[in-house]
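Visitor: The structure's right below; bear with me while I get my questions together.
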Amino acid sequence: MGEFLHIPTLFFILAAASCCICVSLMLTWATSRGETCALSWGAAFALAVLTMILVALRGQVPHVLSVTIANAVLLASFGALWLGYRQFIGRAGRAAPWMAGAGALVWLALSAVSSLFDDVNIRASVLSGIELVYLLSIVAGLVRHHTEEPLPSVGLTAVLVGTHAAVQVYWIASAIVAPIEPATVVLPNSLAMGLRFTESSIFVVFLGLLQLVMIGQRSERRYRIVSETDSLTGLANRGHFFRHVGAAMSQGGQPGALILFDIDHFKTINDTHGHPTGDRALVAFAFGLAAAVPAGGVAARIGGEEFALFLPEATTDEAAEVADDIRRMTANLRIAAASGTVRLTVSCGVAGMGETGSDVQNLHAAADRALYLAKGNGRDQVAVHCPSVAEGEMRLDCVITAAAH
């Protein structure tokens with residue numbers, strides 16, 4: 001192994017690669033100051049570079065530098081790494097920076113004990129054990145966070161860190177079962193050391209790349225969500241909603257219904273009580289609508305005071321019941337205004353795919369006609385599209401109404 005691997009030289013090479021990753025993370029943080037995790041990760045790689053240099057110089061610098069201080073810096077690197085992931089998942093409390101430095105402090109305290117300092121096997125076991133605590137905490141946090149932010153890189157990072165944690169368990173067991181000579185000071189060019197270095201190199205480089213990818217994927221996801229979301233209400237916007245409806249309808253083979261909502265006399269609310277009150281009315285209705293959406297349904301704001309709800313597995317009658325529940329919920333809303341309390345009502349138009357077919361434009365047009373019939377019949381009611389009557393003859397006898405009075 002010695003003819004092919006010179007471990008100190010390889011440490012310098014890995015340090016150079018880690019330095020490049022460190023610079024990339026710092027530049028990422030400089031352009032996206034909100035991603036504080038990039039700063040912590042950059043610091044972790046900077047500390048790792050210092051560790052690699054000190055370890056590579058083992059036998060040429062004082063033992064306290066290449067062993068005690070080098071390993072303390074390494075554990076500080078793992079602490080900064082852990083802190084970065086806590087920041088990424090939004091769980092970095094006030095005590096997190098102290099916990100990040102705890103591993104290095106524990107190591108320095110234990111190094112004061114001569115038996116730990118002298119026995120390389122005990123040192124290796126303690127070092128791997130502290131690293132293992134940080135690694136397992138990272139994995140647990142990423143696994144929980146993946147359900148909230150399902151980025152591919154988050155799952156892959158959890159697998160990578162978990163694998164490295166398993167390797168640490170192996171090295172702890174090896175130090176117990178097959179300890180190396182306690183007198184070993186200079187890094188040996190052994191097969192075991194070569195394998196350990198290879199695994200660590202893959203972990204370090206791959207982890208750094210995944211960190212950059214995670215930040216990029218999060219930014220892309222946030223931009224996509226913003227482009228698909230109504231900024232006032234938090235519901236889907238018109239474009240995203242109808243793309244979703246079109247995709248669901250194209251699958252065929254299942255019922256489906258569209259409900260359109262129009263807040264009654266909304267212009268009067270704006271003119272009488274002001275636009276801030278109108279905005280609060282929109283937000284209140286959107287909140288109630290979102291809470292009433294059945295499983296699988298998608299709600300959106302598709303216009304000023306116009307909202308929509310698509311129920312991919314509902315029949316027309318089931319959709320009419322949902323619409324009436326939302327209508328009654330709206331009638332109970334009260335919006336505070338400087339000029340008094342504002343009461344809301346809403347008109348609803350319902351159309352089903354069973355009557356209109358699987359064309360999204362036909363479904364939307366049918367629900368829109370039913371909506372205007374509901375508004376023309378006095379508002380605050382539900383109208384259901386009935387295809388049995390010719391479009392030109394559609395009157396009150398072709399709608400089902402649910403009055404609020």
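One-based numbering along the chain as shown.
Even glycines carry a Cβ here, placed using N, Cα and C.
Dumping what TrEMBL says about this protein:
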type: TRANSMEM; residues: 6-27; note: transmembrane segment
type: TRANSMEM; residues: 39-57; note: transmembrane segment
type: TRANSMEM; residues: 63-83; note: transmembrane segment
type: TRANSMEM; residues: 95-116; note: transmembrane segment
type: TRANSMEM; residues: 122-142; note: transmembrane segment
type: TRANSMEM; residues: 154-173; note: transmembrane segment
type: TRANSMEM; residues: 193-215; note: transmembrane segment
type: DOMAIN; residues: 254-387; note: domain 'GGDEF'
Visitor: Restricting to the domain 'GGDEF' (254-387), what is the model's mean pLDDT?
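Guide: A mean pLDDT of 92 is what the model gives the domain 'GGDEF' (254-387).
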Visitor: Using Cβ distances below 8 Å and needing 3 or more such pairs, separated by at least 6 in sequence, tell me whether the transmembrane segment (193-215) contacts the transmembrane segment (6-27).
Guide: yes
Visitor: Quick test of the contact rule: Cβ under 8 Å, at least six residues beyond the ends. What residues does that give for the transmembrane segment (63-83)?
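Guide: Residues packing against the transmembrane segment (63-83) from afar: 40-41, 43-45, 47-48, 50-51, 54-55, 57, 92, 96-97, 99-104, 106-108, 111, 117, 123, 127, 130-131, 134-135, 137-138, 185.
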Visitor: Please count the residues of the domain 'GGDEF' (254-387) that DSSP assigns to helix (H, G, I), strand (E, B) and coil.
Guide: 63 helix, 35 strand, 36 coil
Visitor: Counting only residues 6 or more past its boundaries, what in the same chain has a CB within less than 8 Å of a CB in the transmembrane segment (154-173)?
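Guide: Tertiary neighbours of the transmembrane segment (154-173) are 124-125, 128-129, 131-132, 135-136, 138-139, 142-143, 145-146, 196, 199, 203, 206-207, 210-211, 214.
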Visitor: Who are the long-range neighbours of the transmembrane segment (6-27) in its own chain, taking Cβ under 8 Å and residues 6 or more past its ends?
Guide: 38-39, 41-42, 45-46, 48-49, 52-53, 55-58, 187-189, 193-194, 197, 200-201, 204-205, 208-209, 211-212
